[in-house]
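Undergrad: Take a look at what TrEMBL says about it:
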- Cys246: active site (ACT_SITE)
- His325: active site (ACT_SITE)
- His409: active site (ACT_SITE)
- His413: active site (ACT_SITE)
- His442: active site (ACT_SITE)
- Asn446: active site (ACT_SITE)
- 102-390: domain 'FAE' (DOMAIN)
- 408-488: domain 'Beta-ketoacyl-[acyl-carrier-protein] synthase III C-terminal' (DOMAIN)
- 43-64: transmembrane segment (TRANSMEM)
- 85-104: transmembrane segment (TRANSMEM)
Amino acid sequence: MDGGGTGDAQENGGATVSVQINHSRRLPDFLLSVKLKYVKLGYHYLVSNLFTLCLVPIMIIILIEASQMNPNDIRQLWLHLQYNLVSVIICSAFLVFGSTVYIMTRPRPVYLVDYSCYRAPENLKAPFSRFMEHSQLTGDFDESSLEFQRKILERSGLGDETYAPEAMHLVPPRPSMQAAREEAEQVMFGVLDNLFANTKVKPKDIGILVVNCSLFNPTPSLSAMIVNKYKLRGNLRSFNLGGMGCSAGVIAIDLAKDLLQVHRNTYAVVVSTENITQNWYFGNKKSMLIPNCLFRVGGSAVLLSNKSADRRGAKYKLVHVVRTHKGADDKAFHCVYQEQDSAGKTGVSLSKDLMAIAGGALKTNITTLGPLVLPISEQLLFFATLVLKKFFKKSVKPYIPDFKLAFDHFCIHAGGRAVIDELEKNLQLLPLHVEASRMTLHRFGNTSSSSIWYELAYTEAKGRMRRGNRVWQIAFGSGFKCNSAVWEALRNVKPSRNGPWEDCIDRYPVKVVLE
């Protein structure tokens, strides 16, 4: 679990609570430094596909020339080739070899057929008043901690309709293993039932299953629970990712994509969720109280396919996945850290350096992503300023590309208000570009790795997704990681049945009032 929005909160000595965003906790200014090696990495991806990029235009030119030939030209060519058998053999061998290499090495397209997001029942809603009342009744929090949580909630960007697990609605709370299993089952089975109903795909047709949940990893695993529930086939490739934080959803997509390159004509299901029941913190350490205020119940299930027949009915095609890992740095590794406080109570601690570390990871990620997605004009400006900076040092600031030229929609992980604010500023986005993230945070809270799918569902529910539009999903996670996924809409996408926004999209966007 990662509290990406924790830039709004900070302990300020004793019982005094301050939730102002100070300068040290903002994302760093991207104009100050961009490392050339990460740009090279992005260009490496392009060069690795150079053969394909060169071969395709050549084949198109040959086809165009052939289409313009008349019968007399063809007869003359045949007479000429009769006396040049060696040339014919060499050309034929070249064409066969080139075509074979292209077919064998090209990546198989991965299509997103459909996806589903979990919406909890009404009785699990956790308005601020109930949250604070129950926190007080537990008797675990002192007055300073209660006031701190109240301030965080007021400035969090969350609304009164987010959901908390059933065990947390009880007084006193009962965070048992059984309750945690029930939460996992409700979320995972809820999204999968809806996904199978909408797509008409039979569970037996699933060949790959990837489940990610950071903090709840029982035995048997969550993926095994799904196999047992839906009686999935015995040769299923199943994976269970744990401890990878809020960016694990993109990691799971990347893993499924790689598996779909190997296993032909199959479906892959990716389930992303987080389990809150056993991971609520009942202590008084301020840095460990923030997740209580931000994280809420949620989950998603995504159906991917490498079948060419699914292109017509699919919503999106996966274009790129770029992953950045900063775990080699000790500060980055410890900035989101599960531990026990001095009283022996377990929780997730969020470092005061979290925002700066997230900014560094983001800078690395977008520097690598840029050459893959930006128009050539932006790439030339970007690269030219980097070269000039190398020679003139600090006298030249790097040019930060306009990513609005590369993407039509942005799904920024709804980790918290501070992260959304800072990405809007640093990437020079418009309020419309971050609307989906802000409204997801307001309606559902931080649902961890599934939040980017609630945001995509918001965009669809608003009727904004058009054929050819590109979507940038970006998420942060413990470790510390920043991961991006780029999708292209294959049609004008309408929201699926029983979507998370189905009964409330007309009320959004709302103006978020911060006290």
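Here the Cβ of each residue, glycine as well, is placed from N, Cα and C on the backbone.
No curator has checked TrEMBL annotations; they are predicted automatically.
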Undergrad: Return the residue, from the listed active-site residues His325, His409, His413, His442, with the maximum count of other C-beta atoms within 10 angstroms of its C-beta.
TA: His413
Undergrad: Do you know the DSSP helix, strand and coil residue counts for the domain 'Beta-ketoacyl-[acyl-carrier-protein] synthase III C-terminal' (408-488)?
TA: 34 helix, 21 strand, 26 coil
Undergrad: How big is the gap, in Å, between the Cα of His413 (active site) and that of Cys246 (active site), rounded to a whole number?
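TA: Cys246 (active site) has its Cα 8 Å from the Cα of His413 (active site).
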Undergrad: Using Cα coordinates, what distance in whole Å links Asn446 (active site) and His409 (active site)?
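TA: Cα-Cα, rounded: 20 Å.
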Undergrad: Give me the Cα-Cα distance between His325 (active site) and His442 (active site), rounded to a whole Å.
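TA: Counting only the Cα atoms, the answer is 29 Å.
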Undergrad: Pop the mean pLDDT for the domain 'FAE' (102-390) in here, whole number is fine.
TA: 94
